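Feature annotations, courtesy of TrEMBL:
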DOMAIN    11-195  domain 'Cytochrome b561 bacterial/Ni-hydrogenase'
TRANSMEM  12-36  transmembrane segment
TRANSMEM  60-83  transmembrane segment
TRANSMEM  124-144  transmembrane segment
TRANSMEM  164-187  transmembrane segment
Amino acid sequence: MPAVRRRAFHALPVRVCHWINVLAMVGMVMSGWGIYNASPLFNFTFPLPLTLGGWLGGNIAWHLAVMWALAANGLFYLIWGVVSGHFRQRFFPLSPRAVGRDLGLALRFRLPHQLTEYNAVQKAMYLGVLLCGVLLVLSGLSIWKPVQFSGLVALFGGFDFARYVHFFAMSGVVAFVVIHVVMVLLVPKTLPRMIIGGGGEEPSNER
Ligand code: HEM
């Protein structure tokens, strides 16, 4: 049996990265909506109060500045998550069958929230939003520097298609955040330990 010692369920790097990511995502989405409004892909624009920067130049300045925080923080979290074994321990094992089972239970309000383990729906949602984040950064690089990243642009099927990928990945993140925040409101005891830690026992082999 592995040695067990008391420690926070959410390790410090997870908590710090999570909250930096929340601030960066809000800045990126709001400034991005302002940029979108200057040349909409669809038959709608975002309300001005939900945008950041005031005018197109300001929107772009915010987007390109916050981008560095989002990318650096995301890269650190991804590398730490792989090296420490965090992703392997917390997000796996995962199977479509388990997701279907837990989703069915959740929709009938019968899924108990275990404080020491993510359920399969949570695991799938966290992996899904990480994928959206990676797609956002890669498609964003393609739109920002299409000449320098011409290989990436080609991978996305061209500049116009990369814009759609960027938009739909943003939509995925926003949809995730809406569901995620509703879930936190339904199980509020998860919030303090994501801020100050505490509340978990786990095998000591996660560094
Ligand atoms: C105000 C907004 C947010 C709140 C209140 C919030 C709250 C939380 C809480 C309480 C948990 C822990 C859940 C548990 O222990 O069962 C969590 C985990 C997580 N959240 Fe959020 N969150 C917010 C925004 C976001 C955003 C914007 C993203 C990404 C786009 C995000 C991604 C994640 C991920 C990936 C995890 C799992 C972290 C891990 O274990 O590595 N959250 N969040």
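Note: Cβ is positioned from N, Cα and C throughout, glycine not excepted.
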Recorded stretches the transmembrane segment (164-187) and the transmembrane segment (60-83) touching, at least 3 CB pairs under 8 Å: no
Residues from the same chain, set at least six apart from the ends of the transmembrane segment (12-36), whose C-beta lies under 8 A from its own: 45-46, 50-56, 58-60, 62-63, 66-67, 69-70, 73-74, 76-77, 80, 84, 86, 136, 167, 170, 173-174, 177, 194-195, 197
Remote residues contacting the transmembrane segment (124-144) - C-beta distance under 8 A, at least 6 residues beyond either end: 28, 64, 67, 70-71, 74, 78, 90-91, 94, 99, 118, 152-153, 156, 159, 162-163, 165-166, 169-170, 172-173, 176, 179-180
